[in-house]
């Protein structure tokens, strides 16, 4: 269909404004800010000190490594939990149940993350609901504090990002033809062999996209580590927040922010390369 | 293994038990939050002191229910206003972007498309700080060069709207594009042959076809804006949105008013999510 130039510009102009003013320029600003700093005389100069600080202060890079490591652990646990759920929904549940189960899985994630974390806090804290029942039932003599440790924090992170693993897994499993599994079974394959040679290979694209999204969301999460991890939960986004809001050292904060951006982009890029996928496919 | 294959009783049982436990895990924090909103106690914890609507209706001085809590009501209103503007803006620009990427060919299209996808891989915290930096730079620039102080460049309502808009538009674009790809261009050609103008065609044919996707994307944009925390955290001025306001209350110790707010939030988002399901189902 012949299109007018006018229509083209009407589509292009707002998109260009959005991408240039709100995506490109701010991130260029982030990059330049991270290379600026005060010298001994209090003047603003170009410097790499913000990055040097990161590498010379163990607390900074240790937090960075810790955050990345915990994000990997969270992703792995999320995958292990989501796999059977996805399998149940697409292969075991009755057809009429499938839609209802999907809605049930999606619903909690539309509720604000803060509300969900708050729910866990009133369940798990020392005066919480779980402690109340455990003491009532005589399992515990006195309430224990279940919040503010790493295990609970990881549980919270798994909970927050669960959906982003389950949904892609369900959609790839839906496309797996049941007759392949039936054939394998008829030919005498055991459960383990079926999982290893048929189900997992078929689900690879869904696994990758789920893992990438979960990893990225966990890495950039602020709320869950902050509220469930307690005072000594060192999470890199908290370091960034502290530099910006508490220390008011925007240059140092920008350097940290840029490092986090580089880390998450690198890992996502590597994940996409390894699985031979494109970002656009993963997203939709 | 699957529906069509013979399964042992133990296998069925353990699988069902796992799924039930999973859904308990998914809904426990939400259910507990809702139930405790009606507990006649000053703390969001057990024991159960009897049913009470105080946390919704009480009008001080000991207890202030949600409907008399100016601070919480104010933040709910702010969130509504923010989400309203974000969804309008992102639906307009997102629809333009999907027309641009699906129907036009131009140089640098691939590059622009990658840029459009970038917000998917940028952690929310980073988006927030880079917007903050850019706004600050712009504000300083206008102040130094023209001597005018523009309040929009300081953390404020409109900065929050812009910050949320910057990444929510990507999701809108992806949803609308998916629908636009199923559109049959011969319908447009037919309308043109029958004498319609270019914009008449877009209005009466293409946009009509896209309407379910646009409404669905608008609902998603509204929900995403309403519950956003990470990006908003850095841009919020004197008017906190609901998640920020709740965060401050949860961090500093809380009364069951938070449960009451959460309950409203859970009910509201569930309704909106169900409406969205309804519309997206129509799309397929």
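Cβ atoms here come from the backbone N, Cα and C positions, even for glycine.
What TrEMBL says about a protein is an automatic prediction, not a curated fact.
According to TrEMBL, the feature transmembrane segment maps to residues A:151-172, out of the candidate ranges A:129-150, A:151-172. The feature transmembrane segment, as given by TrEMBL for the ranges A:7-28, A:29-50, sits at A:7-28. The stretch from A:7-28, A:101-123, A:151-172, A:206-224, A:254-272 with the most CB pairs below 8 A to the transmembrane segment (A:68-89) is A:151-172. Annotation: stretch A:206-224 has the most Cβ pairs under 8 Å to the transmembrane segment (A:254-272), among A:7-28, A:101-123, A:151-172, A:206-224. Same-chain residues lying 6+ beyond the ends of the transmembrane segment (A:206-224) with a Cβ under 8 Å from its Cβ atoms: 67-68, 70-72, 74-75, 78-79, 82, 113-114, 117, 153, 156-157, 160-161, 164-169, 171-173, 200, 235-238, 241, 260, 263-264, 267-268, 271-272, 274-275, 277, 281-282.
Panel annotation: around the transmembrane segment (A:151-172), residues 70-71, 73-74, 77-79, 81-83, 85-86, 89-90, 102, 105-106, 108-109, 113, 116-117, 120, 124, 202-203, 205-207, 209-211, 213-214, 217-218, 221, 224-225, 228-229, 233 of the same chain, lying at least six beyond its termini, place a Cβ under 8 Å from a Cβ of the stretch.
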